[in-house]
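Chemist: In case it's useful when we look at the structure, here is the feature table from TrEMBL:
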type	residues	note
BINDING	B:His125, B:Tyr129	heme binding site
COMPBIAS	B:141-150	compositional bias 'Basic and acidic residues'
REGION	B:141-167	region 'Disordered'
SIGNAL	B:1-23	signal peptide
TOPO_DOM	B:1-7	topological domain 'Cytoplasmic'
TOPO_DOM	B:29-167	topological domain 'Extracellular'
Amino acid sequence: MIASDYFNGEPVAGNPSPRCHSAEVRVPVRPTPNLLHRYANPGQFLRLARTLLPWLTGGAIVFLVVGVIWGLFIAPADWQQGDTVRIMYVHVPMAWLASSCYLGLATCGVLSLVWRHPLADLAAIEIGPVGACAAALCLITGSLWGEPMWGTWWVWDARLTSMLVLFFLYLGHIALIRAFDEPARGQRAAAILALAGVIDLPIIKFSVQWWNTLHQPDSITLTGAPTMSMMMLWPLLICTIGFTLGVAAVIFTRLSAAIHESRARQMMARSRLDRRDSQAA
Amino acid sequence: MTRKTRRLWIVIACLACVGSAAALTLRAFSSNIVFFMAPSQVKASPPSPDRTIRLGGMVMAGSLHRINENGTPVNAFQVTDGQAAVEVHYTGILPDLFREGQSVVALGTVQKDGGFTASEVLAKHDETYMPKEVADELKRTGKWDPRFGKAPDASSWDTMTAKKAGG
């Protein structure tokens, strides 16, 4: 099935889209409507986004208001870092989001390379800049935190360097996916880049355990008790949930807009074709 | 095998290749990725005096001496990893977080007498975050002396509130 029909077609199995005007062309068999394909269908996605968006946006606002006020004004200062520790309530969510957005980008890469889902390519275009912003904010807040605490803005230790590499991977992806006149080629190349770059994620995560670094090890682990007072941990968790919901809302909005844009472009192209046909006749 | 399955296997194979290449490279360069050397490593194989290295460890309790020489502070302290200690000399202002019992990373060279002359000292804080009241309470009850290293197990204090600690 070619992509242009895919974006216009509503997912009715065995019932070809009414806009399929050329009756001679054999309509390819639609993919089996399993879970993967159902949500990879742009029409289904738009419906899902319409239902979810108010909840995501509302949840993000509630969690962020509570989390930011709690973190910045109510939570206690650290016994030796003082109020500087409050940078954590932005820095940690941004680090988490930069990594998870990249994981999303890599998932889109697999879906695009293996299953050729057109929605995965659109999603990769829309996730890239959001993740790049999160990575940049993580680096900037980390730098602002490092200067007063460590005594330096930047060091080339394994954690900081691997995070910078992730930021450059995002920049490369953003550039590559838009680099070709034929979008499909850029999307293919970007999907490969996203997949290769996924190696950086475990390096970021485990850099503080594998090598000694200036950056401190993780305070929150799956196995041990968090080495952080609960009075700081709760606002941190709430801020993280809030930023995550907010970023999900941004990505859903961007992706919906991109689908609408591609539909509008196809309708314009089709009406141009129809006009040419009627002139020729 | 359908085309999709074949593509899936190609992707998995490529990922495995790139992954093992990255793992091997990181293993090979492991000693360069390490940000600092521990005092026991420095003692065991002292690097030549013309090579700049980073020395990391804990500032030993009771080892810090500061003198003021014409307005610039001159500091001497010992950095330890529990097995060996190296005497560090540093002229300049130490970071705010610097104290005995804190982890630090010093950039400099090992002298012939085994001492370390630092041109830069960075404070390395650990993964512990606790309110001042909790820290004071732990110190008051004798459960923790920050001059001798890391805080006790987090589960013993992470639910302590300011009110309980103050009382």
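Just so it is clear, glycine is given a Cβ too, placed from its N, Cα and C backbone atoms.
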Chemist: What same-chain residues lie close to the signal peptide (B:1-23): Cβ under 8 Å, and 6 or more beyond its ends?
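Modeler: Cβ under 8 Å, 6 or more out: none.
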Chemist: Using a 10 Å cut-off, grab the number of neighbouring Cβ atoms around the Cβ of B:Tyr129 (heme binding site), all chains included.
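Modeler: Other Cβ atoms found within 10 Å: 28.
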Chemist: For B:His125 (heme binding site), write down the residues of its own chain that are at least 6 apart in sequence and whose Cβ falls under 8 Å from its Cβ; none is a fine answer.
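Modeler: Same-chain residues close to B:His125 (heme binding site) (Cβ under 8 Å, separated by 6 or more) are B:Leu97, B:Gln102, B:Ser103.
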Chemist: Under the DSSP assignment, what numbers of helix, strand and coil residues are found in the topological domain 'Cytoplasmic' (B:1-7)?
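Modeler: Output for the topological domain 'Cytoplasmic' (B:1-7) reads 5 helix, 0 strand, 2 coil.
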Chemist: Using DSSP, tally how many residues of the topological domain 'Extracellular' (B:29-167) sit in helix, strand and coil.
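Modeler: For the topological domain 'Extracellular' (B:29-167), the helix, strand and coil counts are 30 helix, 48 strand, 61 coil.
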Chemist: To what whole number does the mean pLDDT across the topological domain 'Extracellular' (B:29-167) round?
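Modeler: Overall, the topological domain 'Extracellular' (B:29-167) comes to a mean pLDDT of 83.
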